[in-house]
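The active site, nucleophile annotation in Swiss-Prot covers Asp8. Residues or ranges marked as Mg(2+) binding site by Swiss-Prot on the basis of sequence analysis: Asp8, Asp10, Asp212.
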Amino acid sequence: MARLAAFDMDGTLLMPDHQLGRETIATLSRLRERDITLTFATGRHVLEMRHILGTLSLDAYLITGNGTRIHSLEGDVLYRQDLDPQVADTVMHHAWDTGASMHVFNDNGWFTGQEIPALLQAHVYSGFRYQVIDIKSIPAHQVMKICFCGDHDSLIRLRIQLNETLEERAHLCFSAVDCLEVLPLGCNKGSALAVLSDHLGLSLADCMAFGDAMNDREMLGSVGQGLIMGNAMPQLIAALPHLSVIGHCGHQAVSHFLTHWLDNPHLPYSPE
């Protein structure tokens, strides 16, 4: 039986309205009662995740910023990695040929250059929000990640520009169809989970993980049991064809799967 369960948030543990369902919260509590370590592995900021954890009364490790930070149960930093300052400076100051909006994250929060109220819908549960600022004024040596938000086709074109300019100095991934992330080289949820599991005296084989987007690929592919959401990006399902696909986040499929796993561990699981 797995000893650690790692969960992506958006599109996985959270429902489409960006909230946790009652069944999901109850199932997470059951996991803790079985002494299974909980880990939330997300692109969201630790400041936001601490607020969410506080409303749940659950002990969980946090992998935030898509693997750029790991925090202990007590809130201590176990691991941190920032973008190479030259990479951050280039991305923030270059005139990219795109209509996508740029978002910069550091330990102080989420920063963008203009008001985009629609993006706050994903954060109604926590109240976390961006700060509007001149992005070029942000110190390049304190940036954990940079995101671009826009339609998928424009982000694909932007990814080509970023790859040509940055070459092999950063890790690019889609955390959603409308969000392209620029991360430190070698930084992802999978590598962060490897650091955390080693810290806990576990192996990745002792872990299970759930996810729906390409920023979950390394994590899902490296654990003992990786589960893909039924609402996942098609690219993720194609990249990991050997993994099981469960139900939709809107149906609290993670809770559905885990309830079966806890109650009938030796019986095959049938998705909703």
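Glycine is no exception: its Cβ is also placed from the backbone N, Cα and C atoms.
As the structure is a computational prediction, the values presented were derived from the model and not from experiment.
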Neighbour tally for Asp212 (Mg(2+) binding site), based on other Cβ positions within 10 Å of its Cβ: 26
Shell of the Mg(2+) site beyond Asp8, Asp10, Asp212, same chain only (C-beta within 8 angstroms of their C-beta centre): Met9, Gly11, Thr12, Leu13, Leu14, Thr42, Ala176, Gly211, Ala213, Asp216, Met229, Cys249
